[in-house]
Amino acid sequence: MKKIFMMVHELDVNKGGMTSSMFNRSKEFYDADIPADIVTFDYKGNYDEIIKALKKQGKMDRRTKMYNVFEYFKQISNNKHFKSNKLLYKHISERLKNTIEIEESKGISRYFDITTGTYIAYIRKSKSEKVIDFFKDNKRIERFSFIDNKVHMKETFNVDNKVCYQVFYDEKGYPYISRNINANNGAVGKTYVLVNKKEFKNNLALCVYYLEKLIKDSKDSIMICDGPGSFPKMFNTNHKNAQKYGVIHVNHHENFDDTGAFKKSEKYIIENANKINGVIVLTEAQRLDILNQFDVENIFTISNFVKIHNAPKHFQTEKIVGHISRMVPTKRIDLLIEVAELVVKKDNAVKFHIYGEGSVKDKIAKMIEDKNLERNVFLKGYTTTPQKCLEDFKLVVSTSQYEGQGLSMIEAMISKRPVVAFDIKYGPSDFIEDNKNGYLIENHNINDMADKILQLVNNDVLAAEFGSKARENIIEKYSTESILEKWLNLFNS
């Protein structure tokens, strides 16, 4: 029986895009009676709560499991020990003896030596979490992190107050992994699996060992690496029979064009395509570009699975233009604000609702203020219910400069919301038929984009017609059956 392991650095409740596509893929494979689970390599003390939240929100299928390198060794340690490590908690409490507590605010206290007045510790508590920082010569030297009053991690700090060493503890308080951290760049150095008495050169070596333990070396074992940073972990295992695939979810070009510079991680995946079973990209245009740019053959086009949900029952007549994405430079939300300015000058009734978080949010907020657009452009923050937000939009706009596919645009079209997007690599031209189910705009032509938005917000019949055709096109182009068939053909080839 086939079993699929999909790899990514981390999972979290506020991850979209690639993570959502992995969740959808897992569900579709499970529906086809092929277990498809997710493997992560980061450390989170609250992963149990994160997985519960993802499943409760309906993002992650109830059948999908998450395997994690730290959880694996933690469980071994849990099974090895029967009693709590009382010495650990005694060690911590002894350091707080003979101190004076000064409460700074609710849940925050500082501790001073009762004899010398020396600053000893800082404690911050919340409902379920607590941290204790210990100081020496007024400099932080250690932090103990607790969840539900149990220590799960200790961090050691250098003289510059940067983490240089970490220790991880099991449910009973016993250390199971410790590792050196490069204080300058955060890179993981020598790692010690205390529970197994093993030493590893770095995090890569540890994760390779873990994958070899987790995944049986059989043709029915299928590894799909979605996270580009995790690819070396899969690539370097000694599996001879298990299948290995890399997936590229983004444009592989370094810049907003195709001048020849490539992203380092994606380039590494592509250059090693012939040494694994294959590399998957999401659009045929990207596959053809890669074949022209690199001396490789094992490149395949398979779209993300698209979740076809019911269309909204009502058509939005209010003049609301929507946008949902990470607020990062590649999305060029600054251009969206310039478009909004042009639109509002001609029709002050139009509103722009922008959902997302990211590094450029403060810059965008200032642009909105500087252009006096506060009554028309609204930053709504991160949303856990994008489909509900789509129901409020009359149309969706994208100023993104490059995509792997453009899943958020596809989701809008499923909801019968026409999309106005710059014609960039890769994605929009695959599913937007200009002047039939949306508009493809010459990149950076903000005047044309503004004009097309005005046409749609002021013509209910046209917007509804485009929206209906958009949904029909997506359902026809991205059927679950055809996408699943491509994967199965690849596995069986």
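For all residues, glycine too, the Cβ spot is worked out from N, Cα and C.
Among the features that Swiss-Prot reports, UDP-N-acetyl-alpha-D-glucosamine binding site is placed at Gly17, Lys59, His249, Arg326, Lys331, Thr383, 403-411. Of all Cβ atoms in the protein chains displayed, 28 besides its own lie within 10 Å of the Cβ of Met409 (UDP-N-acetyl-alpha-D-glucosamine binding site).
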Its Cβ having more other Cβ atoms within 10 Å than any other among the binding-site residues Glu403, Glu411, the winner is Glu403
Cβ density check for Leu407 (UDP-N-acetyl-alpha-D-glucosamine binding site), other Cβ within 10 Å (all protein chains) comes to 23
Same-chain residues at least 6 positions away from Gly17 (UDP-N-acetyl-alpha-D-glucosamine binding site) with a Cβ under 8 Å from its Cβ, in sequence order, are His249, Arg326, Leu407, Ser408
